[in-house]
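These come from TrEMBL:
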SIGNAL    1-23  signal peptide
DISULFID  Cys33-Cys50  disulfide bond
DOMAIN    64-215  domain 'Cupin type-1'
BINDING   Asn109, His114, Glu119  oxalate binding site
BINDING   His112, His114, Glu119, His161  Mn(2+) binding site
Amino acid sequence: MKGDHFLISTLAILAFSTFLASAYDPSPLQDFCVALKDIKDGVFVNGKFCKDPKLANANDFFFSGLQNPRNTQNPVGSNVTAVNVDNLAGLNTLGISLARIDFAPNGLNPPHTHPRATEILVVFEGTLYVGFVTSNGDGNRLFTKVLNKGDVFVFPIGLIHFQLNVGHVNAVAFAGLSSQNPGVITIANAVFGSKPPINPDVLTKAFQVDNKVVDYLQKQFWYDNN
């Protein structure tokens, strides 16, 4: 029965993702364009070289293992398993990708943004507090919701969003994204953990805090849960 729920949830996400994808990633000009690391005999399309379609096989369109829980013993208590063009070559030019997100109790998928994709998330197990913040022109309004098993929430493209496990047990969610390579920018990591560091004077003025606070934050280890 759990396997059936897993399959239904995943298919639903992919269906929504396919609907959302056409507005952002260019539509393919052929049936498919399998990503190719070796550029010999390849054709450059959509940021990846394409394998000769006659050489493609079923494994180019296959990924296994999303049914397995991931290790959440880390500072943020979450782990994101992405399935995108980098590990599923057949996604090249198709404009969709997928992610499994595991949460420990009180685990957080920290505030982040996907510069190239809208995200649609379905809760598979547990209870999540989720939300996103609108742009400056809209007044940085916060939209939040508590999601239970089977609930769905959409995070518009480019907006800062987060998910927090507010339950007392592990939680699992699956997300569909409207890009083969949506990208992710974790806000704290980017601002305080950039390499090289941002000039502290910039951050002191931007956040209106003492220089010692910025210095402390820049010295922390910013964990990447992706």
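Cβ coordinates come from backbone N, Cα and C, glycine included.
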Remaining residues near the recorded oxalate site, that is with C-beta within 8 Å of the centroid of the site residues Asn109, His114, Glu119: Ala99, His112, Thr113, Ala117, Leu121, Phe155, His161, Ala175, Leu177, Pro182, Val184
Around the Cβ of Cys33 (disulfide bond), the count of other Cβ atoms that are within 10 Å: 26
Neighbourhood of His112 (Mn(2+) binding site) by C-beta distance under 8 A, where only residues 6 or more apart in the same chain count: Ile160, His161, Phe162, Val184, Ile185, Thr186, Ile187
Residues within 8 Å of the His112, His114, Glu119, His161 Cβ centre (excluding the Mn(2+) site residues themselves): Thr113, Ala117, Phe132, Phe155, Leu159, Ile160, Pro182, Val184
Rounded to the nearest Å - Cα separation of Glu119 (oxalate binding site) and Cys50 (disulfide bond): 26
